[in-house]
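To start, the structure under review is shown below, and the notes come after it.
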Amino acid sequence: MSEAPRFFVGPEDTEINPGNYRHFFHHADEDDEEEDDSPPERQIVVGICSMAKKSKSKPMKEILERISLFKYITVVVFEEEVILNEPVENWPLCDCLISFHSKGFPLDKAVAYAKLRNPFVINDLNMQYLIQDRREVYSILQAEGILLPRYAILNRDPNNPKECNLIEGEDHVEVNGEVFQKPFVEKPVSAEDHNVYIYYPTSAGGGSQRLFRKIGSRSSVYSPESNVRKTGSYIYEEFMPTDGTDVKVYTVGPDYAHAEARKSPALDGKVERDSEGKEVRYPVILNAREKLIAWKVCLAFKQTVCGFDLLRANGQSYVCDVNGFSFVKNSMKYYDDCAKILGNIVMRELAPQFHIPWSIPLEAEDIPIVPTTSGTMMELRCVIAVIRHGDRTPKQKMKMEVRHQKFFDLFEKCDGYKSGKLKLKKPKQLQEVLDIARQLLMELGQNNDSEIEENKPKLEQLKTVLEMYGHFSGINRKVQLTYLPHGCPKTSSEEEDSRREEPSLLLVLKWGGELTPAGRVQAEELGRAFRCMYPGGQGDYAGFPGCGLLRLHSTYRHDLKIYASDEGRVQMTAAAFAKGLLALEGELTPILVQMVKSANMNGLLDSDSDSLSSCQQRVKARLHEILQKDRDFTAEDYEKLTPSGSISLIKSMHLIKNPVKTCDKVYSLIQSLTSQIRHRMEDPKSSDIQLYHSETLELMLRRWSKLEKDFKTKNGRYDISKIPDIYDCIKYDVQHNGSLKLENTMELYRLSKALADIVIPQEYGITKAEKLEIAKGYCTPLVRKIRSDLQRTQDDDTVNKLHPVYSRGVLSPERHVRTRLYFTSESHVHSLLSILRYGALCNESKDEQWKRAMDYLNVVNELNYMTQIVIMLYEDPNKDLSSEERFHVELHFSPGAKGCEEDKNLPSGYGYRPASRENEGRRPFKIDNDDEPHTSKRDEVDRAVILFKPMVSEPIHIHRKSPLPRSRKTATNDEESPLSVSSPEGTGTWLHYTSGVGTGRRRRRSGEQITSSPVSPKSLAFTSSIFGSWQQVVSENANYLRTPRTLVEQKQNPTVGSHCAGLFSTSVLGGSSSAPNLQDYARTHRKKLTSSGCIDDATRGSAVKRFSISFARHPTNGFELYSMVPSICPLETLHNALSLKQVDEFLASIASPSSDVPRKTAEISSTALRSSPIMRKKVSLNTYTPAKILPTPPATLKSTKASSKPATSGPSSAVVPNTSSRKKNITSKTETHEHKKNTGKKK
């Protein structure tokens, strides 16, 4: 018996070699084989009764293979021949029946079989008759209170089709007295008839769109026919405006639904297909109402596995079709989930009858209880992040005064006179501006109008920029027009002719500032890393870090909203981040359309406010005045410029010494740069060279020439406002166009950065009061929104308030994690940080932790791309509801991407860490910064190999310390230092990451004694799974020293690796009290952490592939770490012991219109800070940069393929190596980590 396969496909089984399926069934051990006389265990037989096209489809096979992994389940597929031709008495026997109708299926026979054998039926058979009639479907939906488009039914007698209640007009039809204006939809009443027609109004050209079942690349065709069909019965319904997408929802039981959107077939009838020929499906998040709809549809139609179509329109969700039994295509995660849920439903129902020892499995990730960084066992309730956009091309703008009547006409046409301002971004609007520019330039050839002539170079530039990409997209260009009643005042840099008093328009053209490919990678990587802040990941999916979030997400327990300002780079950053966060695939555009909300409607993330301009103008004037003095900075200048005592500012001022002399140097370096570019352009070898992001040398020259011209004005003074643009441009060229090897670029970078480090932060205020006033001007709407996000967590989900009967299982509010992500530009990030720093959230003189956080922020000199401010809210369910201790808020921060210099002086915080009270068990230590990978030069051996050393080789030492600044050079044994993880070989980076984030389930309350009880294996499943994955990376790379070998995903972009390790600060997580005895645990349970008990090799392989981390061999020196994507500074904890009440009162004080600038802010003496030895030293951060991927030699490619083949599509519960012990492990694991709620309901 042990030799026979347990997954049958009818009589063809004889042709199957059981060996091919060996890993799907339980093999008896040799000892068991000797005891043949013991009775075999009773198997539950699951019968699959459907047409062969369905039962042998890829999704069905994938799911059945996984169901077969249940130890007590055997799957039998009924042959089509038997179904169609044999009486039901001859059909195979089964205990559970999965049967569903499709074209040609004898549903009557299936019903008779179910009556005869009385198996447990997964999808009710009688209801499948009703699903075939759209009228019945609509009737059931209506009875359930589910929204439908407005509809009417036209029933025709086939023998007398003319007698019916239909009146047809030119642009409407009237059915049974109900009028439908075009566009409307006409559907046959039979659900099997897919010929749905949509009729268009004459104003839009009339005609109709005829939809049909997909044929090749078409799903509909336009027809000039405008009259409705005259034979047959139809449902007429209102056409819903859905932005061209339909949402398909697939349930597996009432508590699980997978949703995806596809391009609506009504749009143009062309099926969008990806490179592999599959229809493009977009990711979708169901909202609370839609989750409830899925729940209702599943139960109302009694179909456990059920697909239905949703239309999202007018802020509502309407069901327009219920398809019955259907599976998601091409989603390995769905296959895993579906098989797991179905297997559990079967076991729960039938195991007791057959006396099979099976208990209701509890899902390890059921309630998101996670270790907070302050050492308490709490439930994560809310994550709020404000994030700056990723790496972008330099922003460019050109101003010109225009007086031509055509511009005034356009201004009037677009209602510009209402506000005196106009922003043109839409393709049609930009086309009109381009047409005017072309026309004026043409006129210039015919007559010499002086006003037009004056603007000729600018008109040409306007035309060039608007023609630049061959198409318009609001993402990369915009034109602003401002009405000037008395014309434009002439500046010193322009011609000093007499000023004209007539009205004119100021035209400002903005372009550039697009997200670069590097920026997309940064955002996607950060999204991937963000997953790791979420709970879970202990179950079958523990093949890669952060899987807990994906799990939360697909089981309705993640309430995610992503907001972005209206700038293209910000929206694309948000989409790329979402792609990484939710493990999505494909292009960013569909993700953007489906997932990113534009927040510009209420000024949430855009800054068009005029209230801040007066204060900012005063600040800018003072700043310019100080920086125009041709002398070394005096003590008075230091006092004027750095009243807040910012270390980074003082450092920049020391470097600059004399601002005018530094500007002279910068100017001469720009002149040198432009002459070098001109020289290159004359060189025939490099004249047509392609620079990064398709820029040409000519465009690069134009960019720098404009800066050269604008930086130094006619009177010899420097325009300080151009410094950020100069820094922007040189940073871009150093980072992306380094291959040009232009001279002195690093010197220009260093000087312009020093100037920008003063100008940029100080433009947002010099004194604390100014910083706060300006910050409020930008951020008040956002602060209000953050406050409401934190407050709403305490309320039940709206659905639960409306429908208490449904307040159970996955809909219960305490199981939700709310995530709100706000993507914005530099101004909002600076402003929000100013509010946190200077708004009196905490008192530095009384709160040691806050003082250290402020000291750290004083050293941060730039809020670079991908800067993050993260607020996390936790709930302790054991505390009284009214207690201040019930809700706990943490504040984290990262200054974003690292700079271009190999900067050893990166500011270092105190880690993503446990609270300062957890000092018991501290050990003396010594920090050895030489092991930090980013300090290694290109010619050194890469230390990442040492860093990711296998956990098995050595016991891991966790050093517990209290968080104080780290010194780069020395740290004496008795010096207080941050909690950190280190080992003799420096295994720290990954240990911090695994033991602290989403690892342990239980954490002690801050201040309690650390107990010595060992951590349960379950609590360390996540840790071990990551260690498992990384062990494989390391072992692969250990081989690398002998054989050049890489795990390369075929589709991976070969220039960009990816990483996640360094995105949480490495200083402390390993000391996490969720695993106080990890060191002993690792010593005793080494095997468990890395062998079969955790995850198998194939799954590990897939985890590695998901993380696209690979090492590339340096031709001469072993290893090289290289990437054009700058790595991102780790997230550092600013405070981890805030109460929700404290944060709420603080946000309320900032958001209230009358709030004065708080005076409570503890002042820091700038002199004291300057003299502080701790703050003068800056320490390096331990961050791993992705390696460059080299092609894999053919010999090793085969072995890599072989090792990773079973798991190519991600960690799957079906991937089991061919060993009996592994089989047992997987089975028991499947039974211990099942989805609780899917087993808690009777069908």
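Each residue, glycine too, has its Cβ placed from N, Cα and C.
Residues or ranges marked as phosphoserine in Swiss-Prot (evidence: a large-scale study or a structure entry): Ser38 (among others).
Residues annotated as substrate binding site in Swiss-Prot: Lys53, Lys54, Arg213, Lys214, Lys248, Arg262, Ser326, Phe327, Val328, Lys329. DSSP assigns Lys248 (substrate binding site) to a strand. Of all the Cβ atoms in the protein chains shown, 19 others lie within 10 Å of the Cβ of Lys248 (substrate binding site).
According to Swiss-Prot, the ATP binding site annotation covers Arg134, Lys187, His194, Arg213, 237-240, 246-248, Ser264, Asp309, 321-323, on the basis of experimental evidence. Within the same chain, residues at least 6 positions away in sequence whose Cβ sits under 8 Å from that of Arg134 (ATP binding site) are Lys187, Pro188, Val189, Ser190, Ala191, Ile235, Asp321.
Of all Cβ atoms in the protein chains displayed, 12 besides its own lie within 10 Å of the Cβ of Ser223 (phosphoserine). The phosphoserine annotation in Swiss-Prot covers Ser223 (among others).
Taken from Swiss-Prot, the feature region 'Disordered' applies to 898-941 (among others).
Residues or ranges marked as region 'Disordered' in Swiss-Prot: 957-1016 (among others).
Annotated compositional bias 'Basic residues' per Swiss-Prot: 958-969, in sequence order.
The phosphoserine annotation in Swiss-Prot covers Ser1006 (among others) and is backed by a large-scale study or a structure entry.
The phosphoserine annotation in Swiss-Prot covers Ser1016 (among others).
The annotation phosphoserine is assigned in Swiss-Prot to Ser1074 (among others).
Annotation source Swiss-Prot lists phosphoserine at Ser1091 (among others).
The phosphoserine feature in Swiss-Prot is assigned to Ser1165 (among others); the stated evidence is a large-scale study or a structure entry.
The phosphoserine annotation in Swiss-Prot covers Ser1172 (among others).
If you look up Swiss-Prot, you'll see Ser1180 (among others) marked as phosphoserine.
The region 'Disordered' feature in Swiss-Prot is assigned to 1185-1243 (among others).
Under the heading compositional bias 'Polar residues', Swiss-Prot lists 1210-1220.
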Substrate binding residues Lys53, Lys54, Arg213, Lys214, Lys248, Arg262, Ser326, Phe327, Val328, Lys329: largest Cα-Cα distance, in Å and rounded to whole number: 23
Separation of alpha carbons, Ser223 (phosphoserine) and Phe239 (ATP binding site) (Å): 17
From binding-site residues Lys53, Lys248, Val328, the one whose Cα lies nearest Val322 (ATP binding site): Lys248
Recorded positions near Lys248 (substrate binding site) (Cα-Cα within 10 Å), from His194, Ser223, Glu237: none
Spatial separation of Ser326 (substrate binding site) from Asp246 (ATP binding site) - C-alpha basis, Å: 16
Under 8 Å by Cβ from Asp309 (ATP binding site), counting only residues of that chain that are 6 or more apart: Asp246, Val247, Lys248, Val249, Val319, Cys320, Asp321, Val322, Asn323
Cα proximity to Arg213 (substrate binding site), best match among recorded positions His194, Ser223, Glu237: His194
Inter-residue Cα distance where the pair is His194 (ATP binding site) and Ser223 (phosphoserine), in Å: 16
Mapped DSSP class for Arg134 (ATP binding site), helix or strand or coil: helix
Cα-to-Cα gap, Glu237 (ATP binding site) vs Val328 (substrate binding site), nearest whole Å: 27
The one of Val322, Val328 whose CB sees the fewest other CB atoms within 10 Å, among these binding-site residues: Val328
